[in-house]
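Over in TrEMBL, the protein carries these features:
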- A:65-94: domain '4Fe-4S ferredoxin-type' (DOMAIN)
- A:Cys74, A:Cys77, A:Cys80, A:Cys130: [4Fe-4S] cluster 1 binding site (BINDING)
- A:Cys84, A:Cys120, A:Cys123, A:Cys126: [4Fe-4S] cluster 2 binding site (BINDING)
- A:111-140: domain '4Fe-4S ferredoxin-type' (DOMAIN)
Amino acid sequence: MESLSNKKKQLTVKPLNFLERAYLPAIVSGLAITMKHFFKKPVTIQYPEQKREFSENFRGMHSLKRDENGAERCTACGLCALSCPAEAITMQAAERQKGEENLYREEKYAAVYEINMLRCIFCGLCEEACPKEAIYLDGDIVPSDYLRKDFIYGKDKLVEAPLNQ
Amino acid sequence: MELADIAIKFGLIIIIFLISLVIAMYSTYAERKIAAFFQDRVGPNRAGPWGILQPLADGGKMFLKEEIIPTNATPFLFIVGPSLAILTACIGSAVIPWGQNMVIGGKVIPLQVTDINVGILYIFGVVSLGVYGVMIGGWASNNKYSLLGAIRAASQNISYEISMGLSIIALLLVTGTLSLGEIAQQQHGWHWNVLYQPVGFILFLICAFAETNRTPFDLPECETELVGGYHTEYSSMKLGFYLFAEYINMFISSAVMATLYFGGYNYPGMDWVTAHLGPIAGPLIGTAVFFAKIFLFIFFFMWVRWTIPRFRYDQLMDLGWKILIPLAIANIVVTGVVITLLN
């Protein structure tokens, strides 16, 4: 019966000739291929010492930003925690006292701000949700560690370094 | 035999033993490094400069690992297996001529532990004993995968020993002697046996791959089918002995191939060098050349390992029984006819 698509093609398997069955020429050409690779430059990047360049929109470790006067921008509104699909972010708000204006930009600030790096999926939704431009995923790859508790990053690891130091 | 002679022999034995252990150790490193280069990688490079301390780290790890003897295993045979494997691997080096005779203070020192007149037969005996280590270990583990691996090892080694022996017979027709020392001497000055016995050499090479359980004949430890093959249940240094035995076997079979077919310690311009450097340095250069040949063979073993995939079991048996043995017999007949006609 004629096939409907007319794309049917009868294939035949050619029996191997003597040289192909002897297998040795094939082995020799295989050896030549591996030998070519022997002298190629390895493509390995020696990770901790060398790093591959990240793309511009790479999302790495979070950092909490400061404003131009060096005060923390975060006002502990909780939008980042709300937007987080992995529920990795928790925070506790506190009221700014007199004399702390150079430390915190708004009247309310995050006393505790924790991100669980094992839960975080680095989607960047916190970055998009933040009305104060306080959080960015502009850091490096999160380093490895031995204990789960050490992956809960507090403000000590997240907040940007102060300006004039 | 004088006491001094005994001391010299003893020293030679210890040196060869140490050399084969060190070479086996660094074969593991070389294997990983060469594999890496073949795959465009870097390979181990953390322990020491370029990773050269890696074998020591591996050895330390092997010794410190927990030694497990499975409940249902036969404890005595479980220990005998790896011991036998490493023992048979080590004693093969006794008849290999490592260099010309050295003359120190009027005393002739042969660089060969013993030149028995049936050297090749001795090597064959040792090689066929080697399969017992694998067999006993696999059987004593009381594990079906180990047993399957052991059976494969036994049948493979026995099948390929036949064609190996037949390929050697053609060589013996050419050399007329079984002593490895004499065979090495005869090849002085470009009379390398590979030029007279190219087919025999290829047969021997293929069989050597099968006898040492190297890829493409590594079915006894085929991890995709048999977990780990005959050493599935082994841990710690007992596993280490099996792996070590494999590398020592590779070293010894490289040495045998270099001796039988590639002139052993002979190299072009040898007489001139020996005449100018004296009877101590001259033979040592020959030994160095011999080791260079051995290392080339070891490199070839590794090169093939990272090129050719493993055979299927029936292909392995087909190759051994239906192709290699008839080829070897044809080689014997042709060699015999040519020698008769030339005489």
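From the backbone N, Cα and C atoms, a Cβ is placed for every residue, glycine too.
Keep in mind the model is a prediction, meaning the values are calculated, not measured.
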Remark   = For A:Cys120 ([4Fe-4S] cluster 2 binding site) and A:Cys80 ([4Fe-4S] cluster 1 binding site), the CA-to-CA distance in whole Å is 12
Key: Helix, strand and coil totals (DSSP H, G, I; E, B; other) for the domain '4Fe-4S ferredoxin-type' (A:111-140)   = 5 helix, 8 strand, 17 coil
Task = Averaged across the domain '4Fe-4S ferredoxin-type' (A:65-94), what pLDDT does the model get? Just tell me the whole number, please.
result = 89
Task = Can you tell which of A:Cys74, A:Cys80, A:Cys84, A:Cys123, A:Cys130 has the least company, meaning the fewest other C-beta atoms within 10 angstroms of its C-beta, among these binding-site residues?
result = A:Cys123
Note = Looking at the binding-site residues A:Cys77, A:Cys120, A:Cys126, the one with the fewest other Cβ atoms inside 10 Å is A:Cys77
Query = Within 10 Å of A:Cys77 ([4Fe-4S] cluster 1 binding site) (Cα-Cα), which of the binding-site residues A:Cys84, A:Cys123, A:Cys126?
reply = none
Request  = Measure from the CA atom of A:Cys84 ([4Fe-4S] cluster 2 binding site) to the CA atom of A:Cys74 ([4Fe-4S] cluster 1 binding site) and give the result in Å, rounded to a whole number.
outcome  = 16
Query = By DSSP, how many residues in the domain '4Fe-4S ferredoxin-type' (A:65-94) are helix, how many strand, and how many coil?
reply = 5 helix, 8 strand, 17 coil
Key: Inter-residue C-alpha distance, A:Cys126 ([4Fe-4S] cluster 2 binding site) and A:Cys80 ([4Fe-4S] cluster 1 binding site) (nearest angstrom)   = 4
Key: Whole-number Å value for how far A:Cys130 ([4Fe-4S] cluster 1 binding site) lies from A:Cys84 ([4Fe-4S] cluster 2 binding site) (Cα to Cα)   = 11
